[in-house]
Each structure stands twice: as structure tokens, then as C-alpha cells.
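Pulled from TrEMBL:
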type     : residues                     : note
DOMAIN   : 27-270                       : domain 'PRMT5 TIM barrel'
DOMAIN   : 274-442                      : domain 'PRMT5 arginine-N-methyltransferase'
BINDING  : 301, 310, 311, 369, 397, 398 : S-adenosyl-L-methionine binding site
SITE     : 304                          : site 'Critical for specifying symmetric addition of methyl groups'
ACT_SITE : 413                          : active site, proton donor/acceptor
ACT_SITE : 422                          : active site, proton donor/acceptor
DOMAIN   : 446-609                      : domain 'PRMT5 oligomerisation'
């Protein structure tokens with residue numbers, strides 16, 4: 001299981017070492033409690049649970065304790081209260097910094113006005129030190145809504161006003177005020193009186209979530225008298241776990257069911273944490289591969305070869321094509337010439353031979369591979385594994401190859417995360433001369449898709465690259481984890497093969513319109529593709545139709561400057577695919593309310609694909 005923590009949060013605690021002992025005995029690995037239970041006097045005295053500093057080792061202060069700051073309002077409209085609150089909070093922070101040099105403090109948002117709090121947080125997070133994080137505790141829905149059930153005097157306007165006073169906005173304003181600092185994360189507090197809508201939950205998934213707080217009142221007892229969560233809460237908490245949110249369970253100090261809560265949540269974590277071999281790539285930004293101009297290494301080939309689904313579908317497509325091209329009567333006499341463009345270390349060649357064997361059809365396979373290092377592995381396979389097969393290897397670029405004969409079927413896997421971003425149109429157009437006039441291509445069509453995304457984590461990662469590269473002019477490959485789909489993906493560019501047009505033009509330009517489902521921040525554009533291999537046999541990384549179990553391609557991410565969007569607003573995204581003599585590149589631009597935002601990657605000065 002991935003490393004999640006389950007934290008026990010209790011207030012009114014007299015001894016932190018005893019709280020840690022109790023937490024560990026009940027299966028928790030972190031505790032959260034007030035840093036200064038005593039509001040006055042200002043000087044710490046013996047009754048403060050954090051006094052003296054030597055009650056825990058420095059390592060334990062850093063790794064086992066999250067400090068909750070005094071619940072004071074530094075943005076109170078009353079100047080006296082505001083001043084007092086500021087002194088208390090700064091005293092808390094000074095003591096926390098003394099006890100922890102890489103620890104974490106948690107502060108609660110009380111409403112929409114947080115300018116003074118944001119100033120304090122920004123001052124404390126702008127430098128390299130201290131290294132600790134600020135966890136901003138935000139209720140998932142406005143707590144005021146829960147009070148209306150018991151109030152007779154609340155009007156419909158009061159309810160509407162409370163609904164519009166959305167805690168996500170409290171967080172968003174603070175996040176913008178602290179300059180999107182990577183040290184500021186959100187902790188979402190669930191409550192038993194108001195269950196959030198699906199879209200509210202989905203939107204939070206696009207934020208840098210540290211943890212969710214589950215009050216013990218959310219638990220109910222089942223028939224066996226065991227503490228469990230209702231199905232609806234299991235689903236909601238499962239979504240948060242899937243984006244790596246940790247768990248904080250908030251109880252009163254006398255609660256007797258602590259271990260039941262922890263065990264139940266650990267079970268929920270193991271059911272929702274979708275562990276796989278590529279977890280380490282989540283939210284990382286990678287510059288896409290350029291297999292046309294760069295030779296892939298053995299590690300990269302090996303990662304792709306372990307995909308359990310892709311090569312099986314290729315084999316199904318080749319099988320179906322062989323059965324269509326050669327009747328049962330001709331099976332023993334008719335030879336099908338298959339041209340494999342880019343053999344790598346042989347997975348597609350294996351798919352061709354498997355398909356031939358299963359269909360009992362005769363094939364002659366030509367493997368064209370420009371990577372001389374991969375040729376060594378392929379030559380070995382021909383000698384040892386395929387010695388009795390009709391197979392021929394050529395160390396050539398497919399665009400410059402003159403074949404001994406023309407192909408009935410051309411097979412390739414030249415597709416990138418955005419379909420055409422590894423230059424499959426240019427490569428397959430160049431290889432058209434290898435195909436018989438009635439020959440077919442597997443795949444025969446690819447389509448790219450885009451949609452607007454909110455993803456604070458990826459935005460922060462882009463900002464960290466700005467000092468070294470024009471980071472907002474790159475398209476990245478990323479295993480998108482903490483994202484909110486502002487609207488669903490739509491089809492962008494389509495390419496078909498073989499392309500027998502008189503004049504081939506692979507430039508494209510298209511504008512698509514999207515509707516914002518909920519107030520949010522646009523951080524960039526998600527890019528996906530699907531491809532038709534043969535007839536209706538498809539591979540897809542479009543979130544709406546994703547091929548189950550396939551991980552060969554991560555989506556793409558095209559960053560934009562962050563803008564807050566309103567529910568119901570229409571935004572247009574314009575995309576260009578540009579080609580010159582040496583390269584291919586994309587340009588992208590958001591157009592909203594007739595205002596044109598920045599156009600990214602003009603003339604391919606950032607991300608481009610070399611021909």
C-alpha cells in the first residue's frame with residue numbers, strides 16, 4: 001500500500017507523549033492537537049501540553065505531530081480582536097517553528113475574508129526556511145447551511161446567500177494571495193450535517209489536498225456493533241483517497257472506538273489507492289519522447305512492452321485483417337506481405353506471428369527500424385526465436401526505404417499521447433510508397449481530444465521550471481492525478497491512413513467551445529487521443545472511453561496562465577498544428593468573453609517535434 005498516514009486529532013489534551021502513545025496503540029501514525037491550549041498567559045507555563053520542548057525528540061516533533069493553531073480571527077472587523085488574534089497566531093507560529101523545522105501547522109478558515117491571514121502565511125512561506133507546510137483547513141460546504149435545518153427565521157434568500165458563500169472561494173482567494181505556494185496545502189473538513197454534491201467533490205480533487213478531516217460523528221454502528229461509514233461517505237472519501245489525500249480522524253478525548261475508525265479507514269485506503277508500477281509518475285511533468293529523431297533506450301522499450309492490453313489489441317486487429325484479406329480456400333497458398341514500421345524490440349512482430357498462427361495464414365514480415373541498437377536485439381530474435389519464419393530486417397528510416405516488394409498491410413505504433421505528436425502523419429505519409437494501391441494501414445485513423453483542466457499541483461510544477469525553460473510554451477506528458485475536468489473532452493484533429501490525397505497538408509487549426517460546470521480556476525488543457533486499428537478495434541486514452549488496463553500513454557498537459565472561471569461561462573480553446581521544413585509544433589490560446597488570452601508557443605520556440 002502507498003504511504004498514507006492516518007492521523008488522530010484531539011483537543012483538550014494534557015500530554016502529547018501520552019496522546020502519541022494512545023494513537024500508536026490504536027493504529028494511527030500521526031497526531032494533531034493545539035499548539036497552545038492556554039490562550040493566556042502569553043508565556044508558556046507548565047500546563048501547556050507542548051511545554052517544555054524536550055518532552056519529545058526533534059525527530060518526533062517533526063514526524064508525529066501536526067499543530068493546530070489557535071482558532072482566532074486575524075480578519076475580524078473589530079480592530080482590537082484583530083490585533084489580539086494576530087499576536088496569538090504569531091506566538092503559536094513562533095513556538096511551532098521552534099519545535100519543528102520541517103513540520104506542519106494547520107489553520108482554519110472561518111469565512112471569505114482572509115487577507116490578513118494570507119499576509120502571515122505568505123510571509124512565512126516565501127523563503128526556503130522554515131521547510132514546513134501550512135495546512136489550510138476548509139469546510140467542504142458552508143457550515144451555515146447546516147444551521148438552517150434548526151432555524152425557523154431563515155428566508156430563501158438567506159439559504160441562497162449561504163450557498164453562494166462557497167468555502168472553495170475562501171480557499172481560492174487565499175491560494176492566489178499566497179502566490180500559489182507549494183508549501184500551502186488544503187485540508188478538507190467533512191461534516192455529518194451536509195453531504196457535498198458530486199461536482200463539489202470533483203472540483204476539490206483538482207486542488208493540492210494534504211488530507212481530509214473525518215469527524216467521528218460520521219461513523220455509524222453496523223449490525224455487528226462495529227463503526228462503519230455510510231455508503232455515500234465511503235464513495236466520497238474513496239475519491240479523495242484516490243488522489244492521495246491522507247486521513248485525519250477528529251474525535252473527543254474520551255472516545256472508545258479509536259482503533260475501529262483507524263482500521264476501517266485503512267481498509268478503505270487499500271480499496272481506493274489504485275497502486276500500480278507507475279505511481280511514481282503521478283503529476284510529474286515529462287517532455288514527450290521524440291522517437292523520430294532520438295533513439296529510444298532499452299528501459300523505455302521495456303516499460304512499453306509490459307502493457308498487457310495494447311499488443312493484444314494489435315494482435316486482434318492483425319488477425320481480423322488477415323481473415324478479411326485471405327479466404328480459407330487461399331490460406332495455404334496466398335502470402336500476405338506485412339511491413340512493420342518501427343520494430344523496437346519485437347513486440348509487434350510477435351503480434352504479427354501470433355495472428356498468422358491463430359488464423360493459419362501465410363505472412364512475410366519486413367521489419368524497418370532506424371534505431372541501430374534495437375536492430376541488434378531484433379537480429380538475435382530472428383536467429384533464435386524466428387529462425388523458421390519468413391522475416392527480413394532493414395536498418396532504415398521508413399521515409400527513405402525502398403522495399404523489395406510492396407506491402408498488403410502496414411503496421412506501426414508511432415502514436416504519442418496526443419495522437420500525432422510523435423509525427424505519425426509525416427512518417428506514414430512518407431511510407432505510403434511501401435504500400436500496394438489497395439493496401440491497408442493498422443492503425444487507419446487517430447483523433448486528438450482536448451478539455452480545460454483545473455490542476456493546482458501541475459501548475460505549481462510548471463512554475464518551478466520557469467527559471468530554466470519557457471515552461472508555459474511546452475506540452476508535457478503527465479500521469480494526471482490531482483485534476484478537475486472543467487468540461488468533458490472534445491475531438492480536435494483527425495488523421496487517416498493511408499492518406500492518398502493529391503496534396504497532403506498536415507497543418508490544422510480548430511476552435512472548440514467548453515462550458516464551465518462550477519466556479520474554478522483554469523490551469524491548462526488536457527490532451528488525449530484514440531486510434532482505430534482495424535474496423536472497430538480501438539485504443540483510447542480519452543477519459544470518457546479509456547481502454548481498460550492500458551498504461552502505455554499518459555495524457556498531455558498544455559499549461560495556460562491561471563484564471564478564475566465562473567459557473568456557466570463559455571470558454572473557447574483554439575489550437576494550431578504548424579509545420580515548417582524542420583519541425584512540427586502546436587500553438588494554443590484561450591478565448592473567453594471575446595478577450596484573447598496569451599497565445600502559447602508561437603513559432604514553436606518551446607515544444608516542437610523535429611522532422
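A Cβ is built for glycine as well, from the same backbone N, Cα and C atoms used for every other residue.
Locations of recorded TrEMBL features on the structure.
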{"residue": "301", "record": "S-adenosyl-L-methionine binding site", "contacts (Cβ under 8 Å, 6+ apart)": "344, 345, 374"}
{"residue": "304", "record": "site 'Critical for specifying symmetric addition of methyl groups'", "contacts (Cβ under 8 Å, 6+ apart)": "310, 344, 347, 552"}
{"residue": "311", "record": "S-adenosyl-L-methionine binding site", "contacts (Cβ under 8 Å, 6+ apart)": "305, 347, 348, 350, 351"}
{"residue": "369", "record": "S-adenosyl-L-methionine binding site", "contacts (Cβ under 8 Å, 6+ apart)": "342, 343, 344, 375, 378, 393, 394, 395, 396"}
{"residue": "397", "record": "S-adenosyl-L-methionine binding site", "contacts (Cβ under 8 Å, 6+ apart)": "370"}
{"residue": "398", "record": "S-adenosyl-L-methionine binding site", "contacts (Cβ under 8 Å, 6+ apart)": "341, 342, 368, 370, 427, 430, 431, 434"}
{"residue": "413", "record": "active site, proton donor/acceptor", "contacts (Cβ under 8 Å, 6+ apart)": "310, 314, 342, 344, 348"}
{"residue": "422", "record": "active site, proton donor/acceptor", "contacts (Cβ under 8 Å, 6+ apart)": "288, 289, 290, 291, 292, 414, 415, 416, 609"}
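Residue environment of residue 310 (S-adenosyl-L-methionine binding site) contains 23 other Cβ atoms, counted within 10 Å of its Cβ in all protein chains.
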